Amino acid sequence: MSELDNKKDKSKDSNKKPKKPGAFSIGNIIIFVIVALLLIWVVFAFLPNNPGTNKSFDGFLKDLQDAARLGDDTIFFRNISFDVVLSRFNVTFVNGATTSSYFVNYPSSVAFQNLQIPGTTFTGLELATLAIANTSASGIGTLNFSGLVTPTNQALAILLSLIPTFLFVGIIFFVYKMQSKANGGMGGFNPGKNQAERIYTKIKFSDIAGNEEVKEEVAELVDYLKNPKKYSASGARIPRGILLGGPPGTGKTLLAKATAGEANVPFYFISGSNFVELFVGVGAKRVRELFKEARKSSPAIIFIDELDAVGRSRGAGIGGGNDEREQTLNQLLVEMDGMTENSGLLVMAATNRTDVLDPALLRPGRFDRTVTVGLPNVKDREAILKLHAKGKRISSEVSFQQLAKRTPGYSGAQLENVINEASLLSVREDTKIITLEQFDEAIDRVMSGPAKKSRVITKEELTAVAYHEAGHAVVGTQLRKGVKVQKITIIPRGSAGGYNLMIPEEEKYNSSKSELIAMITSFMGGRAAEQIIYGEKEVSTGARDDIKKATSIARKMVTEWGMSDLGPIMYEEDTSNPFLGRDYTKNQLFSDHIAREIDTEVRKIILTAEQKAIEVIQENREMLELIKEALLENETIVDEEIQYIAKNLKLPSMRTKAKSENVNQIRNVDELVKEVKDQTLIIKDKNDKKIKDSENNIKTDESLDIK
């Protein structure tokens, strides 16, 4: 199951609720700048000047009379201004080479107010700013100070002094209101606001490929959302909630959108993490607001993605019953169980961790149904690939059926990524159509990452990698019935120097003991080939991942599946996540003595498989050399070439290079077999000895325990 291209989703943006204007749009920034400049001007305009020292009125009067009566151009007033806030004169007086500044408190004497200065002796006074009310002295006639000096209005002065404070408060209020518009209701602090996004989706079930059973399970809910009264009249109770579980990328969210699109009802989307906040009670309030708004739009769908973020089992976290997450979960339980019967409100949720959810969520009346959206089978994968390939120019040689067989275990999201990677490769290589080779490369990219062709590898190391991968292919071809070696490559990808792709001819959900043993033997084929060619002391670290996988299977055979001499007993309980496949803990249910026996059984299975791999490669040494040569020549060989080599014991003519050294190497295979025969027998004797030693150790341990 998978989602359509992003371009199709963009065409539906018109159905979404318009976004609220942000607090930092261009218009708001301009307003902020204007207000800030106004504030700066007011502050500086009303800041008191520092005119110097205080001078008595008599001293000021003397300076004024001297400047007016004396015929000396070097004595004059440069500036006289009146401070309406502080009610005083600010004076700048020039006396020859000396310039002094002082201030004079506003005089109330009648002599000053009635002072008259003859204009004829008004020499060098420079009273362009003596105009206390910005009036210029012309130097002619008589200047009456009483007409120029107006007593200050104290109330006005106080009001003007408060302007900066009022302006500052206004700016704060303005910013607060703008934040309120952007965040809704409570300015920049509204933690309880509903975080769900309401959208109308046009996605239909026809836009989804695969998982037909899941679509049928959900389809009846569409009819309920369209005709809720029909179900009420018949006495039926439609599930209030549906939980979609499954691995990542299988289309759980897309399925919920398609349900809303088919029913043509509002769709409220929210992530489980949106309910969890720092402040206590915020999550519970958001749950209440979400359901309150959804009921107003009933019928509607509430979809909670990643439900495990808020729906984990209570009591398992830090904080006990006062944990904020638990309060949010309690509110969610109440809202789901407290809804009016058949109110037209459907709750859907998706999670990859159904194993950690609180049992109260899964009981009838809340999430009545739990639907597992699993990985697609081969038929579903083919349908998904065809769905995503619509509108793309693809070569006629591409078979989606074969591509589906080559991608076992891929989710819908990964299959969409395969199509997209192939399209990108087509653009990069400037081809008009997407070729089969580009699809092959896209599958390899999604599986293991891009090829590292620039990595410098010595010829000896490359030959060792070729032998290693050829060993896997030989054992897999000869032992694993129903499994096809699809592709072998020695091109480095990721951390691997090469890889061997084996896929089952038919997908199976259960494996027999013989199939598991064959799988382990196939994993040991690479290391076995290295032992035969280079000796036991020269095996490389390239088998690390093979050993890890083989050991994991062998241990599960002993501890979980009862496929050993210890009998059908479960010694370890696997608590790994069913969809994510990760082992978090292992519950040990056995004694130390049983633990030693388990280790011995695991070792016995691995060593027996390794010995079997050596025997198979020894019997098919010629095939090993041919596959190695094909890999060194072409770096990658596919199923048809592998089958040709296995059947005819020669390289395919279309891939063979006319090099005498290669022909000579192939002709001398019998000599190589003879040379390593003794070495193989030595390895076999060593492995037999290891197995016997392990069995003897068990017997010794048992005798000690009995004693």
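The backbone N, Cα and C atoms fix where each Cβ goes, and this holds for glycine too.
Listed features, source Swiss-Prot:
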TOPO_DOM  1-25  topological domain 'Cytoplasmic'
TRANSMEM  26-46  transmembrane segment
TRANSMEM  129-149  transmembrane segment
TOPO_DOM  150-707  topological domain 'Cytoplasmic'
BINDING   GLY246, PRO247, PRO248, GLY249, THR250, GLY251, LYS252, THR253  ATP binding site
BINDING   HIS468, HIS472, ASP546  Zn(2+) binding site
ACT_SITE  GLU469  active site
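Classification of THR253 (ATP binding site) by DSSP places it within a helix.
When each of the binding-site residues GLY246, PRO247, PRO248, GLY251 is scored by how many other Cβ atoms sit within 10 Å of its Cβ, PRO248 comes out lowest. Of HIS468, GLU469, HIS472, ASP546, all annotated as recorded positions, the residue with the shortest Cα distance to PRO248 (ATP binding site) is ASP546.
The shortest Cα-Cα distance between PRO247 (ATP binding site) and any of the recorded positions HIS468, GLU469, HIS472, ASP546 is the one to ASP546. Residue pair GLY251 (ATP binding site) / ASP546 (Zn(2+) binding site) shows a Cα separation of 32 Å. With every protein chain in view, the residue among the recorded positions GLU469, ASP546 whose Cβ has the most Cβ partners within 10 Å turns out to be GLU469.
In the three-state DSSP classification, GLY246 (ATP binding site) falls within coil. In the structure as shown, the Cβ atom of THR250 (ATP binding site) sits within 10 Å of 28 other Cβ atoms.
With respect to THR253 (ATP binding site), the closest of these binding-site residues in Cα terms is ASP546, chosen from HIS468, HIS472, ASP546.
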